[in-house]
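Beneath this line is the structure, given in structure tokens, with notes to follow.
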């Protein structure tokens, strides 16, 4: 809301201007109560962004408390820019995932690019050097021209920013479903490396210490971005384009280097990214955490546009900006470091004893608000919850095994589904080798980055099958955690912890809140069983377009530790003659499956079942087998079932595979039962592997590039290269065809 003349406090009240900023009548009354007076325009702007769901988690806080957040590896849990876990030898890894869904729906290139930039700043604000980027993306039906436009420009935005800033984009996931046609999801994850002694916090301690502004100038882009991210997308969505920020990755690169050098200086007290809610959130949160206040002179804020008001400066979400608190008397030393990198470093205020955020503009106090009122005293809502009618209907359904009349044609059709097909079209646009530490590039179950000058590596992944979560939020939430851990273990790593991005519809609808609550219950249970605490994350609610919500999509970003290079494992067959094992039990479970979507065009019925103790044990024995040197390749069996996992095992290798199926073929190939791995083992170790894991030997890797399935009543034989052409060509074909 950009006005030439700002409304008076009386107009704000009488014309309910606060409601256009996302505040309810009750919330406005609470602001008046906290201040002891009616707020002016700048002040109500501060409250509107800080009390948005995006900043305050006012609708999700009671739910988030269910997550386990501590563990043997956790050095920093939720509450700072990113979580941090210990990896031994005084070293640690910081990581976090965040959403940029609403901006990407309006301006896909900049929305995605600035999502990447923001998550990078969260990582280096902790003192960590960013070493890898991942993402999790959701789009609608790829036959639609608007969806193609969004998909293409989001991928370009991620690539454009990540490639220019010099951080490898090494992994992620992309899924397509009509549920996301009006509301795409763009979740960005960053991983950073740090030594224990360099860990920083966003805190404003020490009365008289200086508050310094570092980085790019402030413009009018992104004003009310946090509020925009906390409401449904309506018919007027395109008019919200000014709420989308504009990024500069080259400025970000300079900011990374400047801040990582400043962090080594003893005069630095605290540092925080000016992310959602810009100067408002960074100043209020840093002061509140320290039990202090901040006074800022807004005349000193570097501006790239003329005539900016306090309201605009405080609510701007211009990118590539950081707020520092520096010990008094050392400002010149910090400025010297920052200006060496060609950036602004300007004292704009200082820490004060009074616990207020005081903003001075042109010699007058433009706003004065208690910092706790902004940061800690935001209202928290316990929303009503109601089981949706669709869920009860699905639960009442009897499980049905689909009929497949043409097995070979159906198999190819599954491989050509955009959610299952190769994502090479996506990741070949990303520079995944910059920094030259990428050991396992996109395409395997998890990416692997080596830690230089050590034997250690990090495995990382993002995962969520939202169709399962829609069918049964509690089970689907647990499966999201379990599948992420499965991908980490299949890469030879021990899962350490996770970060989550909870993408849901409106919590104001009791059925929507029930989905959120149940999904978190399931995730929390899986986290406890698998010993993967939640160290941070993001909540993105109101993902609805014209009243239609997305599937509940709790994306899990997970990192694991590989102790030795010989433990690194990929999902690709290595040599002919290796024995192919299937770990885990296959049941007739087709609810939410690729086959169900292919045949019915929608999901229904029951989500796959999940026995968490069995999941834990299966992962444990596989990781042990990998560390014992018995495994040549390991692949999680997930979406598409064995029909996807089996050919993926040999795609790009020149090998084939010959397996025997002695159960129902449709179930064996297309069921999406959980807790399963495909594993290849040198035949010399096959007996030992079978004893250790109770795995079932189903076939061998062959020299001939042929996929052979021997069933009791038929023989299926297909050319691997032909299947690979179908799998590799699907997304490029969609993107070059006319809608």
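Positions of Cβ are set from backbone N, Cα and C atoms, glycine also.
What Swiss-Prot says about this protein:
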type	residues	note
ACT_SITE	54	active site
ACT_SITE	100	active site, proton acceptor
BINDING	57, 96, 500, 537	ATP binding site
BINDING	98, 538	Mg(2+) 1 binding site
BINDING	122, 273	Mg(2+) 2 binding site
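Positions of the features from Swiss-Prot, shown on the structure.
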| residue | record | CB count, 10 Å |
| --- | --- | --- |
| 54 | active site | 29 |
| 57 | ATP binding site | 19 |
| 96 | ATP binding site | 27 |
| 98 | Mg(2+) 1 binding site | 26 |
| 100 | active site, proton acceptor | 31 |
| 122 | Mg(2+) 2 binding site | 27 |
| 273 | Mg(2+) 2 binding site | 29 |
| 500 | ATP binding site | 30 |
| 537 | ATP binding site | 25 |
| 538 | Mg(2+) 1 binding site | 24 |
* Shortest C-alpha distance to residue 537 (ATP binding site) - which of the recorded positions 54, 98, 100, 122 -> 98
* Find the longest CA to CA distance in the recorded ATP-binding set 57, 96, 500, 537; express it in Å as a whole number. => 16
* Based on Cα distances to the residue listed as 'active site, proton acceptor', point out the closest of the binding-site residues 57, 273, 500, 538. => 538
* Within the same chain, and leaving aside 57, 96, 500, 537, name every residue whose CB is within 8 angstroms of the centroid of the CB atoms belonging to the recorded ATP site, in sequence order. => 64, 78, 97, 98, 499, 501, 502, 534, 536, 538, 539
* For residue 538 (Mg(2+) 1 binding site) and residue 500 (ATP binding site), determine the Cα separation and express it in whole Å. => 6
* What subset of the recorded positions 54, 57, 96, 500 lies within 10 angstroms of residue 122 (Mg(2+) 2 binding site), using C-alpha positions? -> 96
* To do: Please name which of the recorded positions listed here, 54, 57, 273, 500, is nearest in space to residue 98 (Mg(2+) 1 binding site), Cα against Cα.
  => 500
* Asked: Cα-Cα separation of residue 273 (Mg(2+) 2 binding site) and residue 96 (ATP binding site), in Å?
  -> 14
* **Rounded Cα-Cα span from residue 500 (ATP binding site) to the residue listed as 'active site', Å** => 14
* Structure fact -> residue 54 (active site) -> DSSP, reduced to three states, gives helix
* Based on DSSP, name the secondary structure state of residue 537 (ATP binding site): helix, strand or coil. => strand
* Asked: Which of the three DSSP-derived classes (helix, strand, coil) applies to residue 100 (active site, proton acceptor)?
  -> coil
